[in-house]
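Report on the following structure.
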Amino acid sequence: MAEEEGPPVELRQRKKPKSSEKESAKEERINDIPIPERAPKYVLFQRFAKIFIGCLAAVTSGMMYALYLSAYHERKFWFSNRQELEREITFQGDSAIYYSYYKDMLKAPSFERGVYELTHNNKTVSLKTINAVQQMSLYPELIASVLYQATGSNEIIEPVYFYIGIVFGLQGIYVTALFVTSWLMSGTWLAGMLTVAWFIINRVDTTRIEYSIPLRENWALPYFACQVAALTGYLKSNLNTYGERFCYLLMSASTYTFMMMWEYSHYLLFLQAISLFLLDIFSLKQSDKVYEVYKIYVFSLFLGYLLQFENPALLVSPLLSLVAALMLAKCLQLNVKKGSFVAKIIKMINFYLVCTLTITLNIIMKMFVPHKENGHMLKFLEVKFGLNMTKNFTMNWLLCQESLQAPSQDFFLRLTQSSLLPFYILVLIICLLSMLQVIFRRINGKSLKETVTLEDGRIGERPEIIYHVIHTILLGSLAMVIEGLKYIWIPYVCMLAAFGVCSPELWMTLFKWLRLRTVHPILLALILSMAVPTIIGLSLWKEFFPRLMTELMELQEFYDPDTVELMTWIKRQAPVAAVFAGSPQLMGAIKLCTGWMVTSLPLYNDDDLLKRNENMVCEEGDKLTYSKYGRFCHEVKINYSPYVNYFTRVYWNRSYFVYKINTVISFQS
């Protein structure tokens, strides 16, 4: 019986595991079938919801900022209640010149005729025919005039509202692009919201839109912000093919548009190219992408050269020389094996080679390409940094301008009160130290990870972070010398600070250094990346939101009856052939409000116009030598000789005196 019972037992023991294996296999198959279907759907829905909410917040932020600017402008000037002349007087200085050409384009019988009259303009500056489109970068006015007439807006809205509305809309795009950049870097749209909040609160230092609407930078910087956002996405390591193509196309379009809108754009792109060059040295991951960006620079420069009436300033720009040097250096590295000792040596030689080639090529280009554009700016920089001394009145006058001096203590105090500066310094230090840590790790021959996780705590290995750290340091260094450059630097300070406090990776990097063990570092990093920006946002809302509402509710008044009287007198009684001379700021207003010819303009990119603005005061050493005669404006008012022999007063009010040159000179004692 023992022999008979044994086999069945053994059989049952064998069948059981087989049946259980089959059942468990079936259960695993059943369980495995829905999981791949549910998980991707859930993940896709989560990603879609996150992107949708972020895009909605970005677009809403831009629209709200544009509406805020429009409402503030209306409250400040009572714009809708003003007559056309009073509205035009609100355009001060060079802004008046830009808007006057927009009016001229609308008055032209056709677009082609309007462009011809601007490119062969002899009705603005006396005894001088200028290409106003090239000299003053009037492409925004050309585009605005075309849109105004092509869209049928002339039947709906007044030209001035359409013009300033485009600029306000571009500022909304500016804010949206900063939002997206911070979002791309941190992974959360909360960083974008904080970027916008800091930007608006510190708008005294982020933009000049409130003081001068049609400035070229107000047209151009929104496109540069879009270019930086596209570049940030393009440099990311985990970007798919379609996203990479989209970023590349957006970057190409925005780079070229930025270059067309602002005559100084290639200098800003030069700083960006330096940042990418240093990124290429510190990180091998995105070397090919960096050189694709260089191709965009070359394409934009040559296309801009052709469409800007063969503008020689683009050929002699340091950007073209740097990119050409980088391309030549790249050719020398093609046959060198990456990672070898020889490659490291060539990397060091490459840095010296690129710098030398850039300077050499730029000198050669300036020798063979005749150019005058922006020469005064280079001379100014030489004097500003103590590389040269000059007795030139214009250079010394520029040195006295507030926007070209070093920042004041009030500037740093404002940034500290809004909590922007402390958090920016914290984020910059952490990112910079992490970046240096990565560089030393590479120098010591340690391999870098292909994919960096949150647990690694190495934020300095991300290419887009390296680029932004270098770029903000370069811009900040220049802004510490020339305060006017803060309007380029501070928006990216807002973006970088917001990214940092909202990035779990940055907090994790800090905790790795501190060797935090009491609390799980990943959990604490996630908590702080949500809690810190929330606390900052609530504190900013409590302190600054009432101030913003007060500014919108407060009724201001722009009252300048003397200027209105002067312009009215000129339009009614001045001879058609009259030419007016005076301060450049007033000449801009006369050109806009009356259309009469003037002797000078408030522009600083033309040597001839700058010379027309100089006094009869020269500098000799540290002392000023004065003429034996008193100041003309004072002497002529009190009818002192010899000026009374040559001038006759024809109009005056509390602020202005108008004198006519005597055609027949009468000598009086």
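Cβ from N, Cα, C; glycine included.
In TrEMBL, annotation is done automatically, which means it is predicted and not curated.
The region 'Disordered' feature in TrEMBL is assigned to 1-31.
What TrEMBL records for 18-31 is compositional bias 'Basic and acidic residues'.
Here TrEMBL flags 51-72 (among others) as transmembrane segment.
Per TrEMBL, the feature transmembrane segment maps to 160-177 (among others). Among residues of the same chain six or more beyond the transmembrane segment (160-177), those with a C-beta under 8 A of the stretch's C-beta atoms are 58-59, 61-63, 65-66, 69-70, 73, 84, 87-88, 99, 102, 144, 147-148, 153, 196, 199-200, 207, 209, 213-214, 218-219, 221-222, 225-226, 228-229, 491.
If one looks beyond the transmembrane segment (183-201) by at least 6 residues along the same chain, the residues whose Cβ comes under 8 Å of a Cβ in the stretch are 50, 53-54, 57-58, 61, 65, 68, 175, 229, 232-233, 236, 418, 420, 464-465, 468, 491, 494-495, 497-503, 529-530, 533-534, 536-537, 540-541, 544, 548. What TrEMBL lists as transmembrane segment is 183-201 (among others).
The transmembrane segment annotation in TrEMBL covers 268-284 (among others).
Tertiary neighbourhood of the transmembrane segment (313-329): same-chain residues 259, 263, 266-267, 269-270, 273-274, 277, 291, 294, 297-298, 301-302, 304-305, 350, 353-355, 357-359, 361-362, 365-366, 369, 371, 373-374, selected by CB-CB distance under 8 Å and a gap of 6+ residues from either end. The transmembrane segment annotation in TrEMBL covers 313-329 (among others).
Here TrEMBL flags 349-369 (among others) as transmembrane segment.
For 421-440 (among others), the entry in TrEMBL reads transmembrane segment.
Residues or ranges marked as transmembrane segment in TrEMBL: 465-482 (among others).
Counting residues 6+ beyond its ends, the transmembrane segment (488-510) has Cβ neighbours under 8 Å at 174, 178, 181-182, 185-188, 190-192, 194-195, 198-199, 202, 205-207, 217, 221, 225, 228, 268, 415, 420-421, 423-424, 426-428, 430-431, 434, 454-460, 468-469, 471-472, 475-476, 478-479, 521-522, 524-526, 528-530, 532-533, 536 in the same chain. According to TrEMBL, the feature transmembrane segment maps to 488-510 (among others).
Taken from TrEMBL, the feature transmembrane segment covers 522-541 (among others). Remote same-chain residues near the transmembrane segment (522-541) are listed as 186, 188, 190-191, 193-194, 197-198, 201, 418-419, 423, 454-455, 498, 501-508, 511, 516 (criterion: CB distance under 8 Å, separation of at least six residues from the stretch ends).
If one looks beyond the transmembrane segment (268-284) by at least 6 residues along the same chain, the residues whose Cβ comes under 8 Å of a Cβ in the stretch are 224, 231, 235, 255, 258-259, 290-291, 293-294, 297, 317-319, 322-323, 326, 338, 347, 350-351, 354, 435, 438-439, 442, 461, 463, 466-467, 470-471, 474-475, 478, 488.
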